[in-house]
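Summarising the annotation, TrEMBL assigns active site, nucleophile to B:184. The annotation substrate binding site is assigned in TrEMBL to B:151, B:173, B:184, B:270, B:393, B:398.
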């Protein structure tokens, strides 16, 4: 199987678009629509937060009830979370309006929101904007859709790959946070593959686990996070079944798209100046490796040291130590960008701190931690914690 | 029982002192000694980090083996952590040198270090300084000892209370972190109460649980944290036993000292501009209340909003939602400094954001979260996340 990266994003049988309907006061795009021309199987993964937007509840219900769906409607500028019964109605109304415009059933429509929490959802702009948006959907409209779901993100995030007549492409927005909401991670992926609903979900779970589920910007999970994938079957293949070679190939393609999107989120993290891979090997289990990697990636002390371009392994080994995984401290190895700093729990002799400091000026950094207890490994991806993170998140914008 | 706060710290039968012996290159105090004139029972609590300094290992051993102890020797400027076998030897040597100076046994000496991780421990300055320090110990030398254990702390931290002939007093240093170490929380408390070793440990556990164990500056735990309490019995009371009124009184006094010291740590947190109490009530269990409180207190998003004086309840409710405790989102209440912001999971109508914003200019802030599921409650204490936190922790200082 040959995976080809496409520069422009379009997926056979899908049309998309975005517009500024007026939810955002600054006139920036805030309404996105992605439509499959034919019924598509669909799968989704959602935030684990117990406080959720009705968009999460409704989309979950539709995915469960419907054999296939046709569209994703999404807005930015208002998360429609903690908005009480009127928020529930607004969410339903947004679905009804979209279904009407597209001439499909309500269950055919999945819905997502991102933006301010706890502010009544303004339905009027959506009602006014939808007919225009629905009338202007085009095959290469994904970029416009990507733009319309941004909040504090600086750039649009898209990815597309192709293999043997199958296209997998998608858009995302980051986990950047701005007042008075906790903004959201949204990702919408389309493919022309033919694959059943259960198998699609299985593929998404694997792809998500090693991509979106391995990134960390600030450790918080939002009320609105969701990842949706639609498969419209227009590639004309026999339905792909779990366990087959065709399934493996699709998982690889979907993972590649999710990885690209997830990495773009980290790189566009609020105030981020570094993309940092935290690799852990030699763990007894993958779960333990992951736990150690996450503890290091989520440490404010490690993240500020990275911003300071400081090869501060003391903070790393301390985070390893409190990860809650049984350790042998005297076996721990740590390397920065391939240069060993710690061997068997103690600093490597004769290190040139100046040389290390220079290495750390790179935008892409890699921390490798060896536990030397087993054969399992895991990687997570994070960014540094900068003045701008504090500025963006401390700004008073009500 | 009448608890009286004393302005100056001294404990009958204890002498103390601090000096600059030369571990710190900047000539600041770095060696502290606290001595009981008579044998004292002792108890300690230690970091849960699996990577520990030999000071933690040695002090633990002495507490276990010895019926009584006589002294605490502590240094700042070098954590003696991740320093390999030579670090172990240096730690032992520091104990031996101290015991020799004081004419006591090695087991009579407890030892603590804070400062840089992974740098060979410089024994020579300690060896040179100890005779002078040991020769100049005085009853009111605790402040000097407090100064000699500081790292990035800005001010010394002491507390002292008295009740019915019993004095409880102590010093601490904060959990501020600076390169290339993860600095440490140290606290040393002395009392003239007569109390057995096991009962002293029981009292310390309770006092710690609601004080040091409830503060959060950046969520990281260090390789060197320890809290030690020595009781020399010079008050001449009958030994205080667990379960008695006298025990309760001592626990109250010890808790008050620990609370004062713990709060001083939060207020002197790196870059901190606010002291924030996060109260959770209406939980099913205290453990669940504590978990929710900690999730909110440790959220970077909440902490930056507090720095921005932003009454951002969206971030608070989101942190409540991911705390991992079963919730009814539609029952959650949130208040800032007594002003309800959220009632039954939705924003309170007619809030004056301007008035709230003004309230948030206070140095002391209080967030109250009601889960309305049960009768258990818990409080934790945190500070905001400011530019200065990033500056202090990003600074390259090797």
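Yeah, the Cβs are placed from backbone N, Cα and C, and that goes for glycine too.
Unlike curated entries, TrEMBL annotations are predicted automatically.
Model, not experiment: these values are computed from the prediction.
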Collapsed DSSP category at the residue listed as 'active site, nucleophile':
coil
Neighbouring C-beta atoms (10 Å sphere around the C-beta of residue B:173 (substrate binding site))
30
What is the number of other Cβ atoms found within 10 Å of the Cβ of the residue listed as 'active site, nucleophile'?
32
Rounded distance in angstrom between the Cα atoms of residue B:270 (substrate binding site) and the residue listed as 'active site, nucleophile':
13
Count of other CB atoms lying within 10 Å of the CB belonging to residue B:151 (substrate binding site)
23
How many neighbouring Cβ atoms, not counting its own, are there within 10 Å of the Cβ of residue B:270 (substrate binding site)?
26
Roughly how many Å separate the Cα of residue B:184 (active site, nucleophile) from that of residue B:151 (substrate binding site), to the nearest whole number?
9
